[in-house]
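Engineer: My questions all concern the structure below.
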Amino acid sequence: MTGLGAEQLRTHAAEHLLRARDRSVTLTDAVDDDDLVRQHSPLMSPLVWDLAHVGNQEELWLVRDVGRREPVRADIDELYDAFKHARSTRPTLPLLGPAEARGYVREVRDKVLDVLDTASFDGNRLTRHAFAFGMVAQHEQQHDETMLATHQLRVGAPVLQAPEPPAPRAPLAAREVLVPAGEFTMGTSTEPWALDNERPAHPSYTDAFVIDAGCVTYGEYLRFVEAGGYDQARWWSAAGWRHVREAGLTGPKYLTRDGDRWLRTRFGSVEPVREDEPVTHVCFYEAEAYAAWAGKRLPTETEWEKAARFDPATGRSRRYPWGDDDPGTEHANLGQRHLRAAPAGAYPAGASPLGVQQLIGDVWEWTASDFLPYPGFQVFPYAEYSQVFFGPDYKVLRGGSFGTDQVACRGTFRNWDYPIRRQIFAGFRCARDARPDEVA
Ligand SMILES: [Fe+2]
């Protein structure tokens with residue numbers, strides 16, 4: 001993208017904005033108006049809030065800030081400010097109704113495409129490389145993933161359809177991969193649409209470590225459950241044990257026991273659990289406990305990124321595990337093309353140079369790390385994007401899920417959430433320190 005001329009940038013930005021909107025429309029047209037305004041869980045907004053919020057952010061950044069145009073609806077800014085109203089209280093607000101919200105986002109988008117038509121991309125940092133347009137497309141796609149999670153929480157007949165993800169092409173060559181000790185470049189200073197928390201590029205060191213070539217599967221995870229893992233304090237951190245007792249957790253969210261088998265509710269369908277599918281909807285504490293039971297640990301964020309991006313042959317860090325090309329359908333399970341994670345081995349073309357698979361797509365992967373700024377971090381374009389979240393309350397997740405669009409997923413992309421969250425499309429892989437005989 002760095003080499004694109006103004007006209008190509010215009011086309012590129014428009015494509016991403018249009019793809020995001022297609023998805024928002026699919027997710028909101030799939031249900032009736034009652035469902036759109038209903039709160040399906042106190043963890044989530046009504047879908048109609050997400051829709052108008054996406055339009056409001058687009059208006060703030062692109063119509064008013066970049067376009068210097070008159071506000072479309074300055075009167076609703078406060079209603080759709082995510083920092084002013086917790087998700088649980090949003091249904092009580094005087095929100096735009098479904099027809100009004102749809103009309104609003106269309107009106108904003110028309111103005112934005114007009115702004116884009118004449119925008120110059122060589123001005124300030126907000127417009128260079130069409131950053132603000134990319135940020136808005138990412139924001140909408142992030143809400144599309146949140147809306148997909150709301151669909152998963154929704155009770156009722158299935159309304160979303162998608163083809164099954166690909167079957168494994170070949171068994172994994174190895175279950176674990178050794179990553180050598182040394183420095184690599186973490187983060188980015190050059191990716192045009194990277195967000196502030198991914199910046200700047202900086203050297204980062206790890207000791208030699210071993211990381212799983214694939215994510216932990218339902219079959220593997222349920223062995224921990226069936227071995228009584230949820231009843232044994234020794235596998236859990238103090239905070240994790242307190243949480244698992246208080247919340248009464250007995251296994252991954254959306255799973256129920258049916259005699260000697262496990263059933264899973266997925267977007268309104270009930271089906272037997274697939275043993276080879278990456279476990280999904282586990283919280284950080286559950287991931288951490290499983291890893292302890294398996295004699296391993298979660299990778300740190302630095303280890304995850306090194307496994308994903310470091311190319312030992314050249315010493316440089318790639319944009320993605322497979323190289324510098326944007327994700328294709330052969331590389332990763334992204335973009336809501338499939339409504340579940342794919343089994344290990346389904347995307348060999350997406351492997352990292354060291355042979356770690358499916359780091360991008362399928363499920364967000366919990367890491368052991370708190371969400372912290374990189375050395376040299378600078379707020380851009382506003383403190384509420386990342387800075388207010390830095391600290392020990394949030395754990396970092398990496399790699400994106402089947403619900404994440406490629407515009408909101410890079411080898412450097414960082415997501416964060418509370419360690420108790422399970423409604424997100426999150427799983428994990430394990431790591432461990434390398435043994436002396438492995439590095440000799
Ligand atoms: Fe938002």
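Yeah, the Cβs are placed from backbone N, Cα and C, and that goes for glycine too.
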Engineer: TrEMBL has His139, His143 binding Fe cation. Which one of His40, His53, His202, His243 is in the same site?
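Structural biologist: It is His53, as the record lists it for that site.
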Engineer: Go through Arg87, Arg90, His139, His143, Arg421, our binding-site residues, and report the one whose Cβ sees the most other Cβ atoms within 10 Å.
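Structural biologist: Neighbour-count leader: His143.
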Engineer: In the domain 'DinB-like' (17-147), how many residues does DSSP assign to helix, to strand and to coil?
Structural biologist: 88 helix, 0 strand, 43 coil
Engineer: Going by C-alpha positions, which of the binding-site residues (Arg87, Thr89, Arg90) is nearest His143 (Fe cation binding site)?
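Structural biologist: Closest candidate to His143 (Fe cation binding site), judged by Cα separation, is Arg87.
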Engineer: Considering only the binding-site residues Thr89, Asp417, Arg421, which residue has the minimal Cα-Cα separation from His139 (Fe cation binding site)?
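Structural biologist: Checked the binding-site residues Thr89, Asp417, Arg421; minimum Cα distance to His139 (Fe cation binding site) goes to Asp417.
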Engineer: So for Thr89 (gamma-L-glutamyl-L-cysteine binding site), how many other CB atoms are inside 10 Å of its CB?
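Structural biologist: Excluding its own Cβ, the number within 10 Å is 12.
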Engineer: Given a separation of at least six residues and a C-beta threshold under 8 Å, show me what packs close to Ser88 (gamma-L-glutamyl-L-cysteine binding site) in the same chain.
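Structural biologist: Spatial neighbours, sequence-distant, of Ser88 (gamma-L-glutamyl-L-cysteine binding site): Gln39, Pro42, Leu43.
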Engineer: Say we define neighbours as other CB atoms within 10 Å of the CB. Which of the binding-site residues His53, Asp417 has the fewest?
Structural biologist: Asp417
